[in-house]
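These features come from Swiss-Prot:
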BINDING   88-93, 143-146, 182-191, D217  FMN binding site
BINDING   R309, T549, S610, R611, K616, E617, Y618, V619, Q620, D652  NADP(+) binding site
BINDING   R468, Y469, Y470, S471, T486, C487, A488, G502, V503, C504, S505, W690  FAD binding site
DOMAIN    82-233  domain 'Flavodoxin-like'
DOMAIN    289-535  domain 'FAD-binding FR-type'
TOPO_DOM  1-25  topological domain 'Lumenal'
TOPO_DOM  47-690  topological domain 'Cytoplasmic'
TRANSMEM  26-46  transmembrane segment
Amino acid sequence: MASNSDLVRAVESFLGVSLGDSVSDSLLLIATTSAAVVVGLLVFLWKKSSDRSKEVKPVVVPRDLMMEEEEEVDVAAGKTKVTIFFGTQTGTAEGFAKALAEEIKARYEKAAVKVVDLDDYAADDDLYEEKLKKESLVFFMLATYGDGEPIDNAARFYKWFTEGKDERGIWLQKLTYGVFGLGNRQYEHFNKIGKVVDEELAEQGAKRLVAVGLGDDDQSIEDDFSAWKESLWSELDQLLRDEDDANTVSTPYTAAILEYRVVIHDPTAASTYDNHSTVANGNTEFDIHHPCRVNVAVQKELHKPESDRSCIHLEFDISGTSITYDTGDHVGVYAENCNETVEETGKLLGQNLDLFFSLHTDKDDGTSLGGSLLPPFPGPCSLRTALARYADLLNPPRKAALLALATHASEPSDERLKFLSSPQGKDEYSKWVVGSQRSLVEVMAEFPSAKPPLGVFFAAIAPRLQPRYYSISSSPRFAPQRVHVTCALVYGPTPTGRIHKGVCSTWMKNAIPSEKSQDCSSAPIFIRPSNFKLPVDHSIPIIMVGPGTGLAPFRGFLQERYALKEDGVQLGPALLFFGCRNRQMDFIYEDELKSFVEQGSLSELIVAFSREGAEKEYVQHKMMDKAAHLWSLISQGGYLYVCGDAKGMARDVHRTLHSIVQEQENVDSTKAEAIVKKLQMDGRYLRDVW
């Protein structure tokens, strides 16, 4: 047993104080007791910290562009500030914005170029006007999605800019601008956002530099962007060249192929990122950049065994998180590429999938590599993880990716890659890549000598894997701890004979729920708010049109109405037009829908079966059968909701609505168009389409 003096020395050492040479037993007791209390407190705090580390926190998904926190960056004397804004859904608009920035910097020494995510431009709506007044030359890269809506990171700016125009009047006389829109001509509201912003800028006093560019992703949006860029240079020469060299011809510009610096790490020092673990980041809300990893609680097949297709019902468990949602919202899901795709890509790259590495935007000496694109993942991880979670491997590659591949091809025959990426190879690219739906992996397999280093592959060839969005098929009143998803499996042959498997739907098809195994599947998710909402007044009639998985948000609506009715709320009439092929194969949620009718939350269920009778019957045919009743409900102030395929079903339903208005109101086509337009403007004709 230690002597008192030894114990005193130990206590002194622990407390970091001197107790003197003569210490009484009572003082020693106090000191040792204090030490014990301190030790106990430290152990308690460590344990609490350890427990807290298990709490659900956001997964950090790095942003392509990190905006400076400080205010306006000073522009050097003699320089002209050029700001390029982007609003992107899949990263294409952002890529175009950065490509434009690099070319402007290369062509014009006096240009001080900055690329800005519209969502980061102003922390508060009140700052938009103040900041825009300081701009002189701007460009907007704006994508349109769904039913002519702005994408997430441009929605706040778009709402502010278009809704407050009357108050501001003409105030942008000092601003010169250009707009390039990204859309798909197959959709009804082709490039609506780009067109509207272009028109509004002019109406609010700004000077249009060139005509709005209309990128069509149904063809070659890269060619559209290149053509629009070419129209810029003669105009920018007047603004960004000095008088003495205004007439000189610019040196032909060749875009540099971006590349990250790769650092190899010891695989035994596995990073937490390799497990895609949750990481604290200070955010109190989850969003596209800070999703939350949650478990799959339930997964089941909705089609009957007789069906040759598949539709999955999946439930994410959000208990213990701060995730909340409203009926009608969307959920974004970060899924993973399947093992088969990852293995094949690893072989094509000639790399070990267990390679543990990180990507960096600076050189060994700390200087910048020149690009502004941050790595697609935030820390060291294995190549297997990087390919599974962060690389888009199954979409057709862009032309810029083919050019990057070509620079690392060793076989003369692989020179074809350069041709495909060139203006001369436009038709061949459209046919061989886009028309044949060749994925990046397929293209790499066709040109096996092209083995780019990982720094080039992740910077210039494989885009970041984007989240997939689904209409939530539940109501928080009915399922507050769950987010339900209804997902059709994407599976089928491409023109090349390859079987295309949708990334997220395949993941959901193979997901293991917690009700079947503790080792269940999980995914990072976030909620995207939607304006697809039930009327605030629950007595207002509603008409819902949603064949197939278009039923998803209406299942949430009906759960909501079920809960409201159980609480004694008086409900207005509700009609649901649903469509499927055959009641014996793909009549999803059949029992639930019938129970909603029995309980009274659904007034009438009208189903169109397209493969049962001699003639195909679709929801629009059933709408015409019920034209008088349908229009009567709308005339009483009712709401019409449509969900599903934008290119086919939603367009047909829209035309049917026009026909119903003409017939029931006895008006011509122009007047019917005006009536339908007013329904949309009043928020009584809502569409959730893709």
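Positions of Cβ are set from backbone N, Cα and C atoms, glycine also.
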Nearest-integer angstrom distance between the alpha carbons (Cα) of S505 (FAD binding site) and R309 (NADP(+) binding site): 12
Candidate with the highest Cβ count within 10 Å, taken from the binding-site residues R309, R468, K616: R468
Cα-nearest neighbour of K616 (NADP(+) binding site) within the listed binding-site residues, T88, Y187, R468: Y187
Where R468 (FAD binding site) sits in the secondary structure, as DSSP reduces it to three classes: strand
Same chain, 6+ residues apart, C-beta under 8 Å of the C-beta of G146 (FMN binding site), given in sequence order: A646, R687, D688, V689, W690
Neighbouring C-beta atoms (10 Å sphere around the C-beta of A143 (FMN binding site)): 29
Separation of alpha carbons, R468 (FAD binding site) and T88 (FMN binding site) (Å): 14
A143 (FMN binding site) versus binding-site residues R309, V503, S610, Y618, Q620 - nearest by Cα: V503
Rounded Cα separation (Å) that holds between Y470 (FAD binding site) and Y618 (NADP(+) binding site): 23
Most crowded position, judged by CB atoms within 10 A, among Y187, F190, Y470, Y618 as binding-site residues: Y470
CB contacts for N184 (FMN binding site) [other CB atoms within 10 A, all chains]: 19
Inter-residue C-alpha distance, Y618 (NADP(+) binding site) and A488 (FAD binding site) (nearest angstrom): 18
